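Taken from Swiss-Prot as is:
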type: BINDING; residues: Lys22, Asn23; note: phosphoenolpyruvate binding site
type: BINDING; residues: Arg92, Arg121, Pro122, Ile123, Asp124, Gln125, Asp304, Ile326; note: UDP-N-acetyl-alpha-D-glucosamine binding site
type: ACT_SITE; residues: Cys116; note: active site, proton donor
type: MOD_RES; residues: Cys116; note: 2-(S-cysteinyl)pyruvic acid O-phosphothioketal
Amino acid sequence: MDKMKIIGGDRLRGTIKVSGAKNSAVALIPAAILADSPVTIEGLPDISDVHILGSLIEEIGGSFSFDGKEAVIDPTNMVSMPLPNGKVKKLRASYYLMGAMLGRFKRAVVGLPGGCHLGPRPIDQHIKGFEALGATVTNEQGAIYLRAEELRGARIFLDVVSVGATINIMLAAVRAKGRTIIENAAKEPEIIDVATLLSNMGAKIKGAGTDVIRIDGVEKLSGCRHAIIPDRIEAGTYMIAAAATNGEVVVDNVIPQHVESLTAKLREMGVRVETGEDQILVCGTDVLKAVDVKTLVYPGFPTDLQQPFTALLTKANGTSVVTDTIYSARFKHVDELRRMNANVKVEGRSAIVTGPVKLQGAKVKASDLRAGAALVIAGLMAEGVTEITGVEHIDRGYSNLVEKLSDIGATIWREKMTDEEIEQVKNA
């Protein structure tokens, strides 16, 4: 196991390149199961979630080759067999295998997923969708069993706007008989990305990116080439890092429209943000204004940037309120920021941040992926050395983070942990 060390106080300057979208990648790979010939995906991020999904594909008879940039998935010889709990448990998005395997084989057995622990977020909307399409769903010994004689199109209204459920129902419906209509669908860019791949494979999908998606089932889908969209959350994280260090950073390979909510908030704080076609320039400033932020479904402020943004707000003049309407329990980073001298308190679904304070380097632990990003940003701002454990969470969603930040002037590196340190972290 590794730990990450950061010596804070450097101004970030230069160009940083964004990788492919994690939240697309974890759905595009399972989507390839639905094809009858190989699918090539360009620009996949080199993150642990992608590697775990690749090995799951291999366990059910597919082949997966990935050179760190491009993946080729050959689903031809796949069989419907139970997916083991071990790897599935490591990966929240392993639930997309349910929709894809149901769509192709009319049956699937998938262990209940793991990933980030963000409080209550059950997969009941996914199950509701599968049942509407004609599947029976049972929960047996910690695994979900899906079975269907045949899948038939249906009209499905989602009770809550859910990216996961929207994509999973799309995957199950593209080869069903007849028309499926998903109402109150999520509108995230990653949904459009998955729909684009499926359409390139031969699916008939209209309305992805709006709240009503119509899918006309087809008999077969074929392999194709697809280029993944850039990761808007990674882009946003680096935009926040630039503002936090009073830096001057060009974020390259980004779709500016995908980060408009963050751009607006940074400008409100006094940060200069200039957008180009696929680049964004962020220039920090010494004095930042406090702002209030409320996370919402896309195109609102993303819950995935709430934690990194909270770290930035410790530097702003005045009191800021950050409210997470999506995941109420997503404040595990606050205790760690407090260790670094932040003045933050949690009240219900909100974090109240009073600034400006000078953060101090400390030993902190990342409890989940975006908490890890928040602690990296805090470390870049802090005086002295910050040591972060729980780095495996960061590796789930940020490709080559240490190298990318080092290239633009951060003093950041990884070290192997001693057995003694690993024990301490486990018992903490």
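Cβ atoms here come from the backbone N, Cα and C positions, even for glycine.
Ranked by Cβ neighbours within 10 A across all protein chains shown, the binding-site residues Asn23, Gln125, Ile326 are led by Asn23. Taking a C-beta cut-off of under 8 Å and a sequence gap of six or more, Asp304 (UDP-N-acetyl-alpha-D-glucosamine binding site) has these contacts in its own chain: Ile233, Gly236, Arg370. Note on Asp124 (UDP-N-acetyl-alpha-D-glucosamine binding site): other Cβ atoms within 10 Å of its Cβ, all shown chains, come to 12. Taking a C-beta cut-off of under 8 angstroms and a sequence separation of 6 or more, Lys22 (phosphoenolpyruvate binding site) has the following same-chain neighbours: Pro45, Ile47, Asp49, Asp231, Ile233, Glu234, Arg396, Gly397. When the alpha carbons of Ile326 (UDP-N-acetyl-alpha-D-glucosamine binding site) and Asn23 (phosphoenolpyruvate binding site) are compared, the span between them is 16 angstrom. Between the C-alpha atoms of Asp124 (UDP-N-acetyl-alpha-D-glucosamine binding site) and Asn23 (phosphoenolpyruvate binding site), the distance comes to 20 Å.
Look at the Cβ of each of the binding-site residues Pro122, Ile123 and count the other Cβ atoms within 10 Å; the largest number goes with Ile123. Reduced to three states, the DSSP call for Ile326 (UDP-N-acetyl-alpha-D-glucosamine binding site) is coil.
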